[in-house]
Amino acid sequence: VADILQKDPDMRPDVEELLNERLTKLMKRFEDTSEDELGSSIDKSRKIKRRTLLYYLDLLYTNMCPIEIPAKGQLRQVAVGTSHVAMVTMEHAVYTWGSNCCGQLGHGDCSRQDKPTQVEALKSKAILKVCCGGKFTVFVTDNGIVMTCGLGEQGCLGHGDWSSSSKPKLIETLLSFDVTSVSCGIAHAAVVTSDGVVFAWGCGDDGRLGLGDEDDKCLPTEVTAIDDTVSIKQVKCGYDGTMFLTDTGALLACGSNANNKLGLNNRQGFLMQMKNLLNKNTVNCVAVAATFCKDRGDGRRDGKWREMCD
């Protein structure tokens with residue numbers, strides 16, 4: 001704990017080390033400890049109570065600010081958009097807060113919420129995953145049904161029109177598919193089905209949808225440029241690009257390649273060309289930012305494409 005509280009930020013362990021190394025070891029020590037070792041002072045008749053704590057990192061003042069969440073709710077997932085946040089509890093309850101200028105919070109209005117507020121329209125739905133775009137939100141149920149709300153411009157909601165919605169609405173064209181992975185960019189979204197098929201919709205600038213053009217799509221459209229022999233297991237949308245992770249650990253990419261952030265040499269933008277980025281390493285996960293990408297492969301090797309400054 002001492003080095004975590006170092007005054008010099010450079011001396012502190014980074015978030016990745018805390019999550020993947022420190023916390024894992026700490027939890028293992030706790031789980032491997034017998035009741036006798038915990039000490040006779042503990043009342044064994046009591047059950048261990050677990051609770052979730054959520055903090056917001058204020059980058060301006062480098063402060064960790066606690067977020068008020070329901071006392072009984074244990075978090076399953078948190079998603080962060082440009083100016084709004086959504087979270088799902090283990091009980092499948094959905095809470096949203098932040099900017100609501102386009103109805104992206106799903107409360108049926110456009111009023112800002114300063115603290116987590118449950119989405120009433122989703123109370124009867126078993127929401128498993130949530131993803132936040134720029135001004136829209138995507139929800140996925142435990143049986144793979146997709147719902148969206150927020151800004152409809154550029155087709156972000158996937159309802160077949162360009163209208164906004166302040167309440168979560170079903171994407172009917174995906175009802176016959178079991179969606180297992182979802183990701184949102186600023187103005188586009190993509191999902192992967194249990195069969196490894198990819199659908200994308202929203203803003204098509206720079207070919208970020210992988211559909212061979214730069215047209216906006218208001219309906220989920222299958223990305224047919226991916227070879228039929230390739231099965232996609234995960235998709236990640238960035239600001240203006242998209243990356244696909246195959247079941248064999250290969251990476252495919254489309255969209256703007258500014259700063260070579262997609263690892264496609266010096267191309268500044270392309271439409272449908274997709275390329276296997278890593279031939280020697282098997283990739284387990286990938287993250288896409290506005291100006292760089294990062295992958296995690298076996299053996300804890302990282303491949304990075306970053307914006308370089310003189």
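Keep in mind that glycine also has a Cβ here, set from the backbone N, Cα and C atoms.
Because TrEMBL annotations are produced automatically, they should be read as predictions rather than curated entries.
Copied over from TrEMBL, here are the features:
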type	residues	note
DOMAIN	70-282	domain 'RCC1-like'
REPEAT	92-143	repeat 'RCC1'
REPEAT	144-195	repeat 'RCC1'
REPEAT	196-248	repeat 'RCC1'
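Across the repeat 'RCC1' (196-248), DSSP assigns 3 helix, 23 strand, 27 coil. Counting residues of the repeat 'RCC1' (92-143) by DSSP class, helix then strand then coil, yields 3 helix, 23 strand, 26 coil. Secondary structure of the repeat 'RCC1' (144-195) per DSSP, as helix, strand and coil residue counts: 6 helix, 23 strand, 23 coil.
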